């Protein structure tokens, strides 16, 4: 008779076969009841609704949302294909979001289908799918994005309701900026006799600086006999204007976010002071705060560190050879904590050097761009020496998708990261306000999430370099405020509201000075 572990291994092999097919949504009929119940009991699958499941991590706590948010888009694809075959597509609003690179998990996913029931289907963590009974666009106007049936960009722009321009201006401007030549939009406008929409789109393109496209739409529609009145659907003029040069939609979104976030930051963040003249004294203050900063920063990331461990690492009393010799022992977790603490110490020294350069006159944005990769290498260098991770992991940006625990924000694709990081540092160098540099230096870096690990620690290092450049002291984010910290970052990432994060940092700064 097979042992319990052998039975579980058999069930896991069935689950692996399903996953190897690229399937995320698991139907009850995809495996036997015995396998399903065994995997459920051991935490390897999770029920989304009756008869539907997703793969999960057995070590995830009850109520943990990470597996669901990481699986959301794949589940939606599989579920909708199973239910409606090919007779569905995402709404124009959701299509525009995905085209422009926004893969944030929505509270409610709007779907068009002739078979729709005009009612929501409840999913995990207060998310749902609402299937609207509507006719589909022409087949030529449906495109696949990661297997999801979306409306093409031109079709979605034409079908998008006017109130979406004021409700989600960043989304709309980002989508509009992807149109560099209006032929595809014009063809659909002419075929559908969309004179009102043409006037709205002309006004929208002019709002973002695409005046040539706006004029072409107006002239072409009028030459075809249509009466077109241009209207600007946005509530305000765009602070970022786009020429006709093709730019990554991710970069366009980043520039608009930066521009939109400046005002609330300047309103709520304490004004900067002069750069400290006594460089030695400032660096000594940083040394004095190291133990507290290391404890809180590492604890935020889930490492268990003590004051004794931090001091032992600072004094060099650690032995990577012993860890390398016995990586699978029962002391694994303690060893990981030690490696993380040693890496943090080494990175802290590298950040101190960057701050010294800034205090001596180097531009903070330039200094951070020159050195942030070195901080990252120092963070994980001890783990490479110990053989816990491979040397190739220090090569640079991530090469696969990454998900943030319990966050609805999906970081940009690996390909987008390679466009975003240079654009981010360009904005950081160009920014004249120390206050904006502090808040957005941290937020935008973790929003992009360029590495597989260490993004939070690197983001906090970057923030403190910007703080030094503004004459502020080093800021420790307490682990006791982790929930507030993550909620504020989530509000900025998902709701495009930077004020909570600005106020969070501002209050901490006041408390610590």
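Each Cβ is built from the backbone N, Cα and C atoms, and glycine gets one as well.
All TrEMBL annotations are machine predictions without curation.
Per TrEMBL, the feature domain 'Fido' maps to 372-507. As annotated by TrEMBL, active site applies to 449. The ATP binding site annotation in TrEMBL covers 453, 454, 455, 456, 457, 458, 459, 460.
On the structure: features taken from TrEMBL.
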residue	record	DSSP class
449	active site	coil
454	ATP binding site	coil
459	ATP binding site	helix
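Within its own chain, residue 457 (ATP binding site) has 297, 298, 301, 344, 347, 379 as residues 6 or more apart in sequence whose C-beta sits under 8 angstroms from its own.
For the recorded ATP site, residues 453, 454, 455, 456, 457, 458, 459, 460 set the reference point as the centre of their Cβ atoms, and the other residues of that chain within 8 Å of it by Cβ are 301, 379, 445, 446, 451, 461. Secondary structure of the domain 'Fido' (372-507), assigned with DSSP and counted as helix (H, G, I), strand (E, B) and coil, comes to 91 helix, 0 strand, 45 coil.
Confidence annotation: the domain 'Fido' (372-507) carries a mean pLDDT of 92 in the model. With the fewest other C-beta atoms within 10 Å around its C-beta, 460 stands out among the recorded positions 449, 460. Annotation for residue 459 (ATP binding site): same-chain Cβ neighbours under 8 Å, separated by at least 6 residues, are 441, 442, 443, 445, 446. For the pair formed by the residue listed as 'active site' and residue 458 (ATP binding site), distance between Cα atoms is given as 10 Å, rounded to the nearest Å.
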